[in-house]
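**Q** Below is one structure. I have some questions about it.
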Amino acid sequence: MLGSTEFPVLSKEGDITIGGVFSIHSQISKPLLSFTNDSESLICSRINFREFRFAQTMIFAIQEINNSSSLLPNISIGYKVYDSCGSTLPSMRAVMGLMNGQERTLDKTCSGQSSVHAIIGASESSSTIAMLQISGVFKIPISHFATCACLSNRKEYPSFFRTIPSDYYQSRAIAKLVKHFGWTWVGVVRSDNDYGNNGMETFIAAASHEGVCVEYSEAISRTDPSWRVERAVRAIHDGTARVLVAFLAQGEMDILLEEALRQNLTGLQWVGSESWITAGHLAIERYSGILTGSLGFAIRKTLITGLQEFLLKVNPSQNPQSDLLREFWEAIIGCSFKSKFYVQKQCSGSERLEDNSNPFTDVSQLRISNNVYKAVYAVAHAMHNMLRCGPNVALILFCYEASIPNGEQLIMNEQSTTWASESPKMPHSVCSESCLPGFRQAVIQDKPICCFSCIACAAGEISNSNPAECSRCPLEFWSNEDHSQCVPKVIEFLSFVETMGALLTAFSLLGASSTLLVLCVFFRFHHTPLVKASNSELSFLLLFSLTLCFLCPLTFIGRPTEWSCMLRHTAFGITFALCISCILAKTLAVVIAFKAKSPANTLMQCSAPLQKITVLSCTLLQVLVCVLWLLLAPPFPFKNTAHATERIILQCNLGSPIGFWAMLGYVGLLAMLCFILAFLARKVPDNFNEAKFITFSMLIFCAVWLTFIPAYVSSPGKFTVAVEIFAMLGSSFGLLCCIFAPKCYILLLKPERNTKKHMMGRNQKI
């Protein structure tokens, strides 16, 4: 059956007239356009039961209002329903007819006032935009199904209202839905009109923000030639994305599905827009292999009391002159009113609609029908207020709440979800698999951001919660072996339990024990000429200071603390200053004893106070240096993270490098002075020339500490401390061996040489 778009298909007179524009037919003929003759009439075909239900819902709401005693009392509402055929041109003709009466009567004089007070429609965004461009001056349209976000532009469409949310919210919600399931690689197809283009533009922008990439984007129109639709389906079929976002109006969805059946396009997870996701005519076995498991956001459904009873009463007998009612009856019953020999079933008009299962009488999913119902009541309330309060009352409509915080906007029950191809397993659609912990994403040239390669994180970096990039660990942490988490850095210091620390401790205790053993030997033979000639008091003090020098390295081993840092360097400086001061005093005594011409007793009486003064003054000067160092800038423990990135070196900061080098330089100065004096006295005639042994000991001492300086500066971490301990132990062992080993040899193994006569002899050698 065919219908015309020039006259209202359903109408009724009233005090107030509401116009309606619905896509009652889904196909339209294309007339030849001529600039010399009147254009041909547009002929529509293939009745759309759902859109026809929308029109009947509008009539039902008007009937309810007319029967109401509280809303617009004593005022009747009429209606004029036009068929837009889902196309722009019929919509423009329809709105012209609604404003001026019959659209083709161009010889009428325009009165400047519309013949209708409001228009409900149209169902398509493009048709609504075309209507607004003509009727906007009258400020009368309210749409129930035009969702294009472009219509929210109040500057271009200041008079437009609608009872359905803008696609701006739906597009963003679909992007969040796709991201929710981890589908970062999707294909998209859209209607090539305002609805599809604007909706998809918003979706792609939102998807990009969510980290979702689009592999391909296809656009089709219901008026496209078949080869264009075939090409679009082939592109979808050849794509690698397993998720397809379809922002399509019903007309484009129908032709796409037919081509998808022809090319056997199965196994895709469909995500649909509101225009088709709840369409009952698509939920049939024919399309189940393609659309099973489709996801989308549905418009809130409701129950309209009395609507089903009203729809069941629709019958050609209501208006025998209506071609539309007869066409509807023939299509829904499957009969014909025309008497032709090839007609298998003749229509009587007495058939029952309740005996047929069809989209027209199905009121279980009232979504768009409810929007039509609300639009009629919105107009009625606005008219009621205007008539009651005067013409200055504003019309306020309340359409959609989108203020729910992020993270709470998407709530769904996934337990009962059936996915594509009736699989219980959720589809997987990504361009590149997510990087494992310890790797980061690296963009591939000329590819979307969802296509990437995985590169291992650098040392000290991890990737776990955000695999897109590696994050550097905090200062005191380091990455583990697989770079998946930050772990505390290894704290490094010279400890007693490690091999090097244990060996140094053992050598330190060995040196101290050896020194104490020598002390015992000297105490045992303190009455002998050799010990007396060596100045027993000074020798005992020297052995005591050497014992401290051997024990001093123990303060350098172990975890540095505030007290140990201050103790280790000051103890080192003072004990070594005391030791070298004692040797210096012994050297002075040797030089004075063999260079002076005064008697021996007088000499001994004069040299003893000089030795004590030398030891005391030289030691006190070092004590003063250390006290000033501790008062002004004392050493302190600190965590060195600059030298080694993968570990923390716990060491003592010198506080004042000047204080450290002044302390060390003073010890070196004493050693050099002692070496010079001993060298000058090396040829003193004596069988036991102590100056010669002091010369050797100072030579070793100076060589060790001169070697220490470059090694100390260049050694990393705990090896800096180890080098300092090596220097202390080496120089201490050098002093002990060179000065006291020859004496112990005579005392223990050659007692016959431990006589005053032998020691004063000039010709015999040791």
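Each residue, glycine too, has its Cβ placed from N, Cα and C.
Remember, TrEMBL labels are computer predictions, not curated facts.
Here's the feature list from TrEMBL:
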DOMAIN    500-763  domain 'G-protein coupled receptors family 3 profile'
TRANSMEM  500-526  transmembrane segment
TRANSMEM  538-558  transmembrane segment
TRANSMEM  570-594  transmembrane segment
TRANSMEM  615-638  transmembrane segment
TRANSMEM  658-681  transmembrane segment
TRANSMEM  693-713  transmembrane segment
TRANSMEM  725-749  transmembrane segment
**Q** Between the transmembrane segment (570-594) and the transmembrane segment (500-526), are there three or more CB pairs that fall under 8 A, provided the residues in each pair are separated by 6 or more in sequence?
**A** no
**Q** Under 8 Å between C-beta atoms and at least six residues away from its ends: which parts of the chain pack against the transmembrane segment (693-713)?
**A** 580, 583, 586-587, 590, 664, 667-668, 671-672, 674-675, 678-679, 682, 720, 723-724, 726-727, 730-731, 734-735, 737-739, 742
**Q** Please indicate, using numbers and ranges, the residues of the same chain that are 6 or more beyond the transmembrane segment (615-638) and have a C-beta under 8 Å from a C-beta there.
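**A** Residues packing against the transmembrane segment (615-638) from afar: 538, 541, 560-562, 564-566, 568-570, 573-574, 577-578, 580-582, 584-585, 650-656, 659-660, 662-663, 666-667, 670.
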